[in-house]
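Participant: Okay, here's the structure, questions in a sec.
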Amino acid sequence: MALGTDRSSDIVSTDVGASTAVRRASTFLVFTFGLSLAVYLPVIAATRGWVDVPALTDPWVSGALSIFAICTPGVVALSLHLASDGISGLRDAVDSVTSWRFGRLWWAVTVLLGPLLVAVPYGAYLLLGGPSLPSPVLFLLDQPAGVVVLGVMVGATMLLALGEELGWRGYFLPLLQARFGAAVASLVLGVCWFLWHLPLRFVDGANGGFPLALWGVSIVATAFIYTWLFNNTGGSVLAVTVLHGLLNVSNGLVALQPNVTGELLSAYVIAGTNVLFALVIILVYGTTSFARRRASVLAAPLDD
């Protein structure tokens, strides 16, 4: 399933027909939800005491299974690439992960956008009277080998982001954009992404303490932002992985998540910021492609 740029709409989609795209997208959803639930549900049931399976309550076992569950979109995507297109399909998937030549401007956007999506709501939170609290993770710097531990956490966060993005943006989004415009594709993906996260409601602290509705709004709005970056970097999974990873890392560097602050205000400013960014993208770029110029132009090599 090779990625391509539709010259009439500047959209990053696949080279398959609309009906095939819908069928493959549906297959991806069925296997992704099925596999992740097959992992999550036993762990949740055991940790909540609904079933008596001591092995599943072991932190190492439950942690390893949770990591696998997070990576199920990528696992399913790679499996479907192999099933439909053989080795060439896997090669296309790897190419999207190693696609780094999309220009200095978009590299700057890729690296800075995640921290910006945390700095803006954090600033709004403080201006609106939210208390300034210690960082949830920076205390590690005062501990023995704290820098090493923090580095491992950052690396692990990036790998987990890749496990998601290989599936959601690398496989699912181009299929949706073969059938719909960027805005509709982002909405569909965002809703599916939110539903896929729902089991985390039963994992203490995993959803950041958000009320369900605000959590859903925030995730769906974030999907629009990721589509915008994906389309403007020529379909680079690397770009959205870096954005995803740095966004999660930045969230750990400040006390902003509702489960840390204990304030509902923080949930509102986070969701509001994501919605604001999504609306700006739609107003500036329209709903068709989220790009003013062709993605092939925006993905110009660094040495141009």
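Backbone N, Cα and C atoms are what each Cβ position is placed from, and that goes for glycine too.
Just so you know, TrEMBL annotations are computer predictions that nobody has curated.
Found this in TrEMBL, in case it helps:
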DOMAIN    150-249  domain 'CAAX prenyl protease 2/Lysostaphin resistance protein A-like'
TRANSMEM  28-51  transmembrane segment
TRANSMEM  63-84  transmembrane segment
TRANSMEM  105-125  transmembrane segment
TRANSMEM  145-163  transmembrane segment
TRANSMEM  175-196  transmembrane segment
TRANSMEM  208-230  transmembrane segment
TRANSMEM  237-256  transmembrane segment
TRANSMEM  268-286  transmembrane segment
Participant: Please compute the mean pLDDT of the model over the domain 'CAAX prenyl protease 2/Lysostaphin resistance protein A-like' (150-249).
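Facilitator: Mean model confidence (pLDDT) across the domain 'CAAX prenyl protease 2/Lysostaphin resistance protein A-like' (150-249) is 93.
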Participant: Determine which residues of the chain contact the transmembrane segment (237-256) at the Cβ level, with the cut-off under 8 Å and only residues 6 or more beyond its ends counted.
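Facilitator: Hits for the transmembrane segment (237-256): 93, 96-100, 102, 106, 110-111, 113-115, 117-119, 121-122, 125, 132-138, 153-154, 157-158, 160-162, 164-166, 169-170, 208, 225-226, 229-230, 266, 269-270.
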Participant: Residue list, the transmembrane segment (105-125) vs rest of chain: Cβ under 8 Å, 6 or more residues beyond ends.
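Facilitator: Result: 225, 229, 232-233, 239, 242-251, 253-254, 256, 261, 263, 265-266, 269-270, 272-274, 277, 298-299, 302.
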Participant: Ranking 28-51, 63-84, 175-196, 268-286 by Cβ pairs under 8 Å to the transmembrane segment (145-163), which is first?
Facilitator: 63-84
Participant: With DSSP, how much of the domain 'CAAX prenyl protease 2/Lysostaphin resistance protein A-like' (150-249) is helix, how much strand and how much coil, in residues?
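Facilitator: Each residue of the domain 'CAAX prenyl protease 2/Lysostaphin resistance protein A-like' (150-249) counted once, the result is 83 helix, 0 strand, 17 coil.
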Participant: If we skip the immediate neighbours and take only residues 6+ beyond the ends of the transmembrane segment (268-286), which ones have a Cβ under 8 Å from one of its Cβ atoms?
Facilitator: 117, 120-122, 124-125, 128, 130, 183, 186, 210, 214-215, 217-218, 221-222, 224-225, 228, 256-257, 292
Participant: What parts of the chain pack near the transmembrane segment (175-196), using Cβ distances under 8 Å and only residues at least 6 beyond its ends?
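Facilitator: Same-chain contacts beyond the ends: 1, 9, 11-14, 16-18, 21-22, 24-25, 28-29, 32-33, 36, 73, 168, 215-216, 219-224, 226-228, 231, 278, 282, 287-290.
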Participant: Hey, which bits of the same chain come close to the transmembrane segment (63-84), Cβ under 8 Å, at least six residues off its ends?
Facilitator: 1, 24, 27-28, 31-32, 35-36, 39-40, 42-43, 56, 90, 92-93, 160, 162-168, 170-172, 196, 199, 203
